[in-house]
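Asks: Reproduced below are the annotations present in TrEMBL:
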type     : residues : note
TRANSMEM : 36-57    : transmembrane segment
TRANSMEM : 77-95    : transmembrane segment
TRANSMEM : 116-134  : transmembrane segment
TRANSMEM : 140-159  : transmembrane segment
TRANSMEM : 204-227  : transmembrane segment
TRANSMEM : 336-356  : transmembrane segment
TRANSMEM : 368-392  : transmembrane segment
TRANSMEM : 404-428  : transmembrane segment
TRANSMEM : 440-461  : transmembrane segment
Amino acid sequence: LIVMLRRKGDDPEVDLDGSSLSDANSMRKKRNSGKLTLFGVELTADNLAVAMVYFVQGVLGLSRLAVNFYLKDDLRLDPAETAVISGVSSLPWLVKPLYGFISDSFPLLGYRRRSYLVLSGLLGAFSWFLMATAVDSKYGVAFCIFLGSLSVAFSDVVVDSMVVERARGESQSVSGSLQSLCWGSSAFGGIISSYFSGSWVETYGVRFVFGLTATLPLITSAVAFIVKEQPVIVSGSRGRIAFFSETNGYNRASSKDGLKLLWDAVKQPRVFLPSLFIFLWHGTPHSESAMFYFTTNSLGFTPEFLGRLKLVTSIASLCGVGIYNGLLKAVPLRKIFLVTTLTGSALGMTQLVLVTGLNRRLGLTDQWFALSDSMVITVLGQVSFMPVLVLAARLCPEGMEATLFATLMSILNGGGMVGGLMGAGLTQALGVTRDRFDNLGLLIVVCNLSSLLPLPLLRLIPDDD
């Protein structure tokens, strides 16, 4: 019986035809040797589409500096009004589960992915075209930025669902490679946009940059046509919608059923407990806003230098993705969270060197110290963020990938929002203002130590594969 089972493939050393698996693996390697890969992921049509959509998300940063200059110089808005408009642009990201539910439950023209990618790209191009031609008021800017943000958020949900579909049932290493492909593409786009954005604004003006930005979302619409997706047939009956595809058969759902499925998935301990850790891990206070005012108002960092700093951090982000993909994607998630949190808290304390001026006494200028410090912290931050994406992707059940992954990402964003509000409260309580930085060092210490608070809850992260 053992011999028969082994001959049927149960022996790890014997394939179905009796040949050794090492021979089979070598044959597979020969067949795959000519295929193009990136971050260990074969660049199939679908994977290329995912990478390109993430690249567009990164390169859309081309317009960020132009928007800031337009609001400040052309519309002459004060910082409070600019902050409100920036807040409007973040609103579409707070309801990402809605886009996932729409994409999963309501095929558009027979497709759950392709059609929404095309629509998202066209919406983004339209919003930036308006910015380049017709907009001349703060309300128009707010409306266009909202539409552009909605475009990116919706396409983000759609491609995330495609990544989740490919990660289901795969090892942590394979899931890590997929997430590395996504965020490596985004970081590469960010590098390109950081390099050109400042010089093009200065040479050609903000309207030119807006017009150029309008062409970028069309890449999302174009790559949608290479996505391999089986069309679904939709039929309605008493408020129910039946979807049929050649691969999955019938999948019946309604709005009420979809919400019930989402709730049933979220309340499962294997989903709820890791989600709770993600929220708390990302919800600790930070001092980024206070440090921005200190570097600009006290140290005199110029916008040009801050642009260079953004380029360095974009490159560092790409390096962080590469380090995770090459060295850490098979390391247990608990260990990565533990080490990166401890190291990040310690490295965050280096901001005290800049605040106290110790770097100048050591012969290192503020600019060089800020560049090196930001580079190291960004690499570590990207390495620590990748396991969150891997964990979220592998928690999603079949049939509602977009909805649940978007929900988990909204939980992550919600934690970040809570952390920002707590940081703002601490900043005010310690009397740190735009011109007073006496207690900034204490604020940095409190924020960095608070990042250690979620570590006792690491057991909420699943330990097995």
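For all residues, glycine too, the Cβ spot is worked out from N, Cα and C.
How buried are these features, and what lies next to them?
Replies: Within the same chain, residues 49, 53, 60, 63, 102-103, 108, 140-141, 144-145, 147-148, 150-152, 154-155, 158-159, 207-208, 210-211, 213-225, 227 sit at least 6 positions outside the transmembrane segment (116-134) and bring their C-beta atoms closer than 8 Å to a C-beta of that stretch.
Cβ atoms under 8 Å from those of the transmembrane segment (404-428) belong to residues 93-97, 99-100, 157, 160-161, 164, 262, 265-266, 271, 275, 278-290, 388, 392-393, 395-397, 443, 446-447 of the same chain, restricted to positions at least 6 beyond its ends.
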Asks: For the transmembrane segment (368-392), which partner among 36-57, 140-159, 204-227, 336-356, 440-461 gives the most CB pairs under 8 Å?
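Replies: Comparing 36-57, 140-159, 204-227, 336-356, 440-461 against the transmembrane segment (368-392), the winner is 336-356.
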Asks: Please identify the stretch among 36-57, 140-159, 336-356, 440-461 with the greatest number of Cβ pairs below 8 Å relative to the transmembrane segment (204-227).
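Replies: Checked against 36-57, 140-159, 336-356, 440-461; highest Cβ contact count belongs to 36-57.
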